[in-house]
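Below: one structure, written as structure tokens.
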């Protein structure tokens, strides 16, 4: 059969590209080894050093478990900080104070020396749902589906792909050679290479199927209040609550407004209220201690006064009750003064709650409708007598997010200020990570100074595989922390938006650092761009030859092993948190302050960062599951241990988070990138080893191209929705009548006010019973109105989109 002119042209072009890259008919493996003769990364050690690395990592894991067991029982309840956290800091503690506290004692006392270890297996999803929230259930369900997927992938990789690779005879017959287990062991004319591409397609469909089953199992419960509340930006800063209510009554007479809350800058007031609360707890602690002992306690409140062993001038001791009483009075004065200033700091935003969801939906559609007039398209909502005064044409209207999802202190940062801050942070982050993307650059720098030369002759797997993979894991844990904290500094309006952007940034960064650049033999983004665009570089001709080096897969197998044992062990120990916790306990000036530190040490679980970390390792596993099938069972071990550690941490360590469903669906989309990268890896292998004209290369290329086209069509144009794994269920309230009755009932507290300020409002109401009947969500004559630091926490993208419009 005569080849078509198109294929001949394509082949000639492919040959020229391969020649430009310095690739011959067959890669020169010895050259790759010789080019790194002074390096500690690529060495032909026994079976890639995997047995030695596995033994060391398992030993380290057992040691970390032992250390954590000791610390958990001896050091300030470090292993159960969520259980001893402040009882009224989160709604779950209020809800479970009478039912779950005894259950916690059962876990601590009934199970022997390591109750936390067996508690991981005894915990039921109902307990986790009640204690940790539905987001934790969705997260753990996602992990379970990944576990079942990897069980199937491991079975197919070990029972089908591995024997096929071992049947080749291209590499050494040594049974201790790791390269015999990889795809590099097959001859270029072996028809079994087709099997790898077919199984890669099967893995793609398996991933879509498992993810679709996961999203179908999600029953997302929408809060009644959130579904009836709209968030409005673009209000004049001098707008009044009564004017906004009148506008909706006149423009939408069929829609009944239940409440309107204007937004104010209450960041400082929130801080003062938290400090006052800590002071009151310390005062109560020493008051109760005096009642119990009959003696007044002396403290040294000066900086580092707890280290003073004797009383000298400037380091005098004073009565604890008198000190905290004085601090409480001072904070109350500052709070009262700040309350007066709050009314002068409106944010131009408001929450509007309606009687029914249909009313809120109708108004939202009216504001977002696009009415085209000639060549100009603009939306004009229904007018009222206050439309001109309120500039309704400039409003941006969206559904409100859950009040627990709002980052209250960030609401005052909006518009141009928010964008400038975002650009500055991310530009600085990019510059910093441009040259320090991977730990490989550290190894290269060490090699330049001949640091590794004395141990080069040892050819020890501990040196050549354990330390590089441990270093890779260490940097993959450290450097994303920089991305994590940079996201916190961006001042997002919602925790959901913060977590989703954090997940995307950390995931992309980790994939480059852990998978793409090490696979290409590159050391940082600097070298990546030089290799990509600098055609005259002498380094460009040697990079791609080392992509599918026989022992290259061993490096990633060892990385997965390190993540499974050392990574999960360190995540259980949480060494940075332990260091911070220890430092805060040492620096606490009094016993009451140490009690406050213990009760305020727990933080919300960062689903964004945890999703990104787990999906990075999952992507590495899937990307090499065909070319290096040995990685699959170790990946399964990683996910199993990760699931156990996360169950423990969610229940005992972290506070619950209330996020939007978008964070969980974004994780599903990122999981689909793993089998697609596996197809890319097979295509690169076929292109480099077989050539573009090879049937297996053409078939793999067509599959990759078709997959990309389907993804683009679904993402950009909404096609192939039946193929999408995103198919979740929304639970409706049991009774609409109950919802209507609930809408007319006065809530126990103002929903769109920070919890700490809401408690202050309750105190004022208790002190002034005559005002209780007059209290409304947006009133500015009481604390809930003076501090309505309410600002809708939009969805991840919505909050960012609305922010610049407030400039």
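Cβ from N, Cα, C; glycine included.
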Membrane side match, residue 48 / residue 693, Swiss-Prot record: yes
Candidate ranges 555-586, 587-618, 619-650, 651-682 [criterion: Swiss-Prot lists as region 'Gating helix']: 555-586
Annotated range (Swiss-Prot: transmembrane segment) out of 463-490, 715-742, 743-770: 463-490
Segment assigned the feature transmembrane segment in Swiss-Prot (from 29-51, 52-74, 75-97): 52-74
For the transmembrane segment (135-167), sequence-distant contacts whose Cβ falls under 8 Å of one of its Cβ atoms, 6 or more beyond its ends: 125, 128-129, 180-183, 185-186, 192, 195-196, 199, 202-203, 206-207, 210-211, 213-214, 217-218, 605, 607, 610-611, 614, 618, 621-622, 625-626, 629-630, 632-633, 635-636, 639-640, 642-643, 646-647, 650, 656-659, 661, 663-664, 667-668, 671
Interface check, the transmembrane segment (662-689) with the transmembrane segment (607-624), three or more C-beta pairs under 8 A: yes
Feature contact check the transmembrane segment (192-217) with the transmembrane segment (695-709), CB under 8 Å, 3 or more pairs: yes
Confidence summary for the topological domain 'Extracellular' (1-51), mean pLDDT rounded: 48
